[in-house]
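Chemist: Feature list, courtesy of TrEMBL:
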type: TRANSMEM; residues: 107-127; note: transmembrane segment
type: TRANSMEM; residues: 139-161; note: transmembrane segment
type: TRANSMEM; residues: 167-189; note: transmembrane segment
type: TRANSMEM; residues: 196-222; note: transmembrane segment
type: TRANSMEM; residues: 234-251; note: transmembrane segment
type: TRANSMEM; residues: 263-288; note: transmembrane segment
type: TRANSMEM; residues: 294-313; note: transmembrane segment
type: TRANSMEM; residues: 325-346; note: transmembrane segment
type: TRANSMEM; residues: 352-372; note: transmembrane segment
């Protein structure tokens, strides 16, 4: 087995857990709605019509859990197996680099990234944008995490891992959030509309901020031309995003038809980019003395950034679903954009970290979403069962009092 495939081989069993969790979550979970005091569940039909009696000893919480992608948004069910498909795509590119090299060409990468951004833009409506843009605190918190916290974490990792990886780590830390973050936020039960707005806002701001941050972080060590980097970012990101928004606004019927397959197109584009990126960087990922540091950087950067984003969200007192959106948006950067910029404007070795991150970020995002989904399942089960066990006597006494008070 090639050395570059060993981390993927070890990661594959872990990817089965989020896939199983997503599959179970799509079948429904027990929800307790505080307004109706009624249990609704597809997973437990026997509780579907059970009415709960509120008790003073019962803590009522609105869980508002979201399911996985609806069938009309993901008819091919690709989101369920997204972690496994990503690992298999990376293994394919690493095992057959010569065969898959065509998918790693600059033209294919540009087209794939454009499809990713376009699939995000076509799902937006003016109402969604207006509602989400009113959430000033989550947007401000996400900006701090994306363009301040992550670059600082990347600089610290670059200092520890050596100068060979500095440009790739810093470039990955400076790019905006990735389109996969919206999918992971949906699977985690977070605020999906807010996640899309966070990705959109950092993507647009990144047209200007990414070149400035890269210049600021790497200008003293590596020659960075900000104007070509700005032009590439605008071409790769802003143009397809505006095109998707234009189609959604000018041709809503066509956009509604295309929106049914937007998730499938985005996931398929991601898989093709993972295959091409892994094929192009197979030699770098297998290089002795460098390969393990590439994987360490690809894993440590999103985890440390996510931990910092979680702490900052707690300090800012963001709602639960908004916190999940900000944390995932900070962790799941856009490795595809970082890879394209690295290939266009830096030395060949710079693309190693973004290429490895195409696999690790998808796995980490799936793991975070799976963990939060598990927390929601435990909370919903506790919320459903506690009123039945604890409030039964109180409810019986209440029925007796109402019968006595009723006129004969």
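Keep in mind that glycine also has a Cβ here, set from the backbone N, Cα and C atoms.
Annotations in TrEMBL come from automatic prediction, not curation.
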Chemist: Under an 8 Å Cβ to Cβ limit, what residues of the same chain, 6 or more beyond the ends of the transmembrane segment (325-346), are close to it?
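Modeler: For the transmembrane segment (325-346), the list is 106, 109-110, 112-113, 116, 138, 141-142, 145-146, 149-150, 167-168, 171-173, 175-181, 184-185, 188, 190-192, 194-195, 198-199, 202, 210, 222, 224-225, 228-229, 232-233, 236-237, 270, 273, 277, 280, 301-303, 305-306, 308-310, 312-313, 318, 353-355, 357-358, 361, 364-365, 368-369.
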Chemist: Under 8 angstroms, Cβ to Cβ: which one of 167-189, 196-222, 234-251, 294-313, 352-372 has the largest number of such pairs with the transmembrane segment (139-161)?
Modeler: 294-313
Chemist: Cβ under 8 Å, sequence separation of at least 6 from the ends of the transmembrane segment (234-251): give me the contacting residues as numbers and ranges.
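Modeler: Counting only partners 6 or more residues beyond its ends, the transmembrane segment (234-251) has Cβ contacts under 8 Å with 110, 113-115, 117-126, 176, 200, 203-204, 206-207, 258, 337, 340.
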Chemist: Of the listed stretches 196-222, 294-313, 352-372, which one has the most C-beta pairs under 8 A with the transmembrane segment (167-189)?
Modeler: 196-222
Chemist: Report, as numbers and ranges, which residues of the same chain sit near the transmembrane segment (107-127): CB under 8 Å and 6 or more residues beyond its ends.
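Modeler: Sequence-distant neighbours of the transmembrane segment (107-127): 179, 182, 196, 199-200, 203, 236-237, 239-245, 247-249, 255, 258-259, 262-263, 265-266, 269-270, 272-273, 276-277, 336-337, 339-340, 343.
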Chemist: Could you tell me what the rest of the chain brings near the transmembrane segment (196-222), counting residues at least six beyond its ends with Cβ under 8 Å?
Modeler: 117, 120-121, 123-124, 128-129, 132-133, 135, 138-139, 142-143, 146-147, 151, 154-155, 163, 166-167, 170-171, 174-179, 181-182, 229-230, 233-234, 237-238, 241, 325-326, 329, 341, 346
